Amino acid sequence: MSFIKFNKLWLTLILITTIFSALYLYYTLFPGNIPREVYKYFSPLEISKAQKYHRINRLIYITSFLTKAAFLIWFVFGNNAIKLSYYTEKLASGKYYVNVFLYFIALWVILRLISLPFSLLSHSVQVEWGFSVQTMASWWSDYFKSAALDFVFSSMGVLLLFVALNKWPNNWWVSAAVFLTIIMFVQIYVYPTFIAPLFNKFTPIKDQKIINMVKEISKNAGIKIDKIQEMDASKRTTLANAYFYGFGKTSRIVLYDTLLKNYPEDEIKAVIAHEAGHWKENHVLKSMLIGIVGLVIGLYFLNILIHSSLFLPYGKRMTPAVLAMIYLFILLINFDTSPIQNYISRQMEKQADLLSVEYLRDKKLVIKLQIDLAKKSLLDVAPPPFIEWFSYSHPSTMHRIKLVERQISSRS
């Protein structure tokens, strides 16, 4: 009979998760005092309103995570994962890969149902605070489209994973790393062409002023920006954003139409300069390469974890119950390594901020943009240090302002 045992590796992961969760919850509920310097840029009302908004979102996030983690820990170590595999095996009439597929469907549906109430709650919060204009019909349409894509790609990945687990029981993680690396590079070309258009409409920027801005910044940065697109974000949100995506022929800067409609031209120019900084530093490619290193390390430790905690009778194929272990591992390891992932992201954002100052030759404009973004998006401009360290992919507004001010003072 197969069974999964709790060992020191699992204990370590769960202890780290518990400590981080407790700290995250504590600083969400008790964020501490706001530094005096913040009031130089923001009113007490703006600060308190943003704190309240982020407290709600953080509570939804951590409650959702802990609910899913608690379920998977109970499911895996309460022997329920093994029990489910017996039921799906009967339904599959002993056909191994049919059993794997049925097991995946059952677990996928359960985890989706656990996450759904939190997704709905998060949407209602965005509507209540005026950041979402999406109807429930549109929201459900997006939900089912993303769920369908997730199901198709995940099911294919799971079946290939079990082929590797059975064919190379000790070295499956090497083939998995190679396969997932290929997928990461393929999606750079597939996502903007086939997936993103399922959710939004992308059109080339026609405004000559914006085109001239791009040409000027491209010249200052010493790069060639061919594609700058507008995305119809306003059908879902009032929030403004922009992002740089891809490399090679797929490289593009995407501007939300909410940015173009609700922000002055000089601030739009500052946003483009920031994205040009990402382009100049090849941040997409660097992020992918760092991600590949993390992927290989993660798969290596997952292999150790599987072999140290899963008992299989001699000669028996890998039980589908290992899938629940993998889901739990991914959930915990992503949470526990959030500080590392976000630290790397923040460094890239700082680079882009500093480069934008060089391209614009206007440091005050960069600060003006950060203040305006914070006010219109209700950003928590000075979050508790732990919250920023743990969960912020971008530096907080005050840290970004200080970064530019230090550059001003160092050059004056």
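Just so it is clear, glycine is given a Cβ too, placed from its N, Cα and C backbone atoms.
Residues or ranges marked as active site by TrEMBL: E275. The active site, proton donor annotation in TrEMBL covers D353. Marked as Zn(2+) binding site by TrEMBL: H274, H278, E349. Taken from TrEMBL, the feature domain 'CAAX prenyl protease 1 N-terminal' applies to 34-201. Marked as domain 'Peptidase M48' by TrEMBL: 205-405. Annotation comment: TrEMBL describes 6-27, 59-77, 97-122, 143-165, 171-191, 288-306, 318-335 as transmembrane segment.
What TrEMBL annotates, mapped onto the structure for a quick look.
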residue	record	contacts (Cβ under 8 Å, 6+ apart)
H274	Zn(2+) binding site	A242, A352, D353, L355, S356
E275	active site	A242, Y243, F244, I253, A352
H278	Zn(2+) binding site	F244, V284, M348, A352
E349	Zn(2+) binding site	S393, H394, P395, R400
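Other residues of the chain with a Cβ within 8 Å of the Cβ centroid of H274, H278, E349, the Zn(2+) site, are F244, E275, G277, H283, M348, Q351, A352, D353, L355, S356. Averaged over the domain 'CAAX prenyl protease 1 N-terminal' (34-201), the predicted model reaches a pLDDT of 95. Taking every listed stretch (6-27, 59-77, 143-165, 318-335) in turn, the largest tally of C-beta pairs under 8 A with the transmembrane segment (97-122) is reached by 143-165. Looking at which of 6-27, 59-77, 143-165 has the most CB pairs under 8 Å to the transmembrane segment (318-335), the answer is the stretch 59-77. With a threshold of 8 Å between CB atoms, the same-chain residues lying at least 6 positions outside the transmembrane segment (59-77) that come near it are 4, 6, 10, 14, 17, 21, 24-25, 28, 110-111, 114-115, 118, 121-122, 125, 321, 324-325, 327-328, 331-332, 335.
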